[in-house]
Amino acid sequence: MNPYILATLLFGLGLGTTITFASSHWLLAWMGLEMNTLAIIPLMAQNHHPRAVEATTKYFLTQATAAAMLMFASTTNAWLTGQWGIEQMTHPLPTTMITLALAMKVGLAPVHAWLPEVLQGLDLTTGLILSTWQKLAPFALLVQIHPTNSTILMALGLASTLVGGWGGLNQTQLRKILAYSSIAHLGWMVLVLQFSPQLTLLALLTYFIMTFTAFLAFKLNKATSINTLATSWTKAPVLTSLTPLVLLSLGGLPPLTGFMPKWLILQELSKQDLAPMATIAALSALLSLYFYLRLSYAMTLTMSPNNLTGTTSWRLPSTQLTLPLASSLMTTLTLLPLAPAVMAILTS
């Protein structure tokens with residue numbers, strides 16, 4: 001892709017998210033979300049592969065449906081209450097519709113089915129943008145309207161943790177596994193959103209850092225399925241020994257970084273007398289932990305199944321910049337001791 005076009009599209013992504021962040025009016029927020037969608041579509045379709053075009057079409061139709069629902073709900077709210085402000089959502093009908101529209105935007109269960117299919121059709125770099133940056137703007141809107149729709153948020157969060165854990169069990173494609181991982185993590189964030197938005201932001205921050213590291217590690221290895229992970233030892237032995245820590249951190253295994261937000265969320269749910277919900281969420285984390293363990297096992301303890309003659313993939317030099325991967329990897333592995341400082345920053 002032409003560097004000027006790429007810079008314009010990335011600028012559009014940043015501007016769309018910034019407009020949504022800065023807006024207090026539903027029309028401006030909708031415009032920011034639309035800019036986000038329209039800026040990432042050329043990035044998704046740049047490979048001109050049938051699978052990439054299919055993924056782009058699915059993504060466009062889903063996001064257009066969610067945006068239309070959001071516009072209809074905000075218009076309905078203005079008709080019923082006379083208010084266009086984001087924080088003035090008082091009527092339950094448009095609030096529920098907007099919550100479902102934003103859930104479809106980010107891929108919460110039960111409106112999640114598009115996310116694994118779309119992510120599977122993209123390259124790892126565009127998939128990383130879709131899994132991280134594209135979730136910021138809808139989450140900013142969810143945080144602003146959260147006090148008025150507690151029941152539906154709890155239902156969406158619980159369904160997402162279960163679907164995210166259950167759906168990733170029988171997958172062999174890394175991008176689909178990361179998609180179900182995203183659904184499960186989003187469920188944890190939404191569960192605690194109405195009680196402690198600071199915890200949601202903490203979980204979102206740690207998820208972004210860990211997912212960034214995982215995507216870059218897979219990109220360095222040029223790995224798209226579980227079988228190709230077995231060649232990692234010969235390509236980058238140090239990275240291969242550290243990546244399982246990142247994967248287990250995504251699963252929330254103590255004493256790694258991903259355990260911190262999960263533990264604090266379970267603690268907050270228990271404080272709110274929601275022990276059954278906390279128990280179900282904790283059990284669903286075991287499902288996610290299983291497929292992260294499966295990836296770690298395939299990466300470190302198995303031999304490559306490829307017997308092809310010719311140039312082996314690990315003899316080809318990697319052209320990827322390793323500085324972003326090294327910095328994000330160190331951040332992922334050292335964030336747990338800094339947890340009190342991060343919490344103090346978020347709550348101040």
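Glycine is no exception: its Cβ is also placed from the backbone N, Cα and C atoms.
Here the structure is a predicted model, which means the values were calculated and not measured.
According to TrEMBL, the feature transmembrane segment maps to residues 92-115, out of the candidate ranges 92-115, 116-139. Between the transmembrane segment (274-293) and the listed ranges 151-170, 201-221, 233-254, the one holding the most Cβ pairs under 8 Å is 151-170. With respect to Cβ pairs under 8 Å, the transmembrane segment (201-221) is most closely packed against 323-346, considering the stretches 60-80, 92-115, 177-195, 233-254, 323-346. Same-chain residues lying 6+ beyond the ends of the transmembrane segment (323-346) with a Cβ under 8 Å from its Cβ atoms: 198, 201-202, 205-206, 209-210, 212-213, 216-217, 220, 239, 242, 245-246, 249, 255-257, 259-260, 264. Mean pLDDT for the domain 'NADH dehydrogenase subunit 2 C-terminal' (289-342) in this predicted model: 72.
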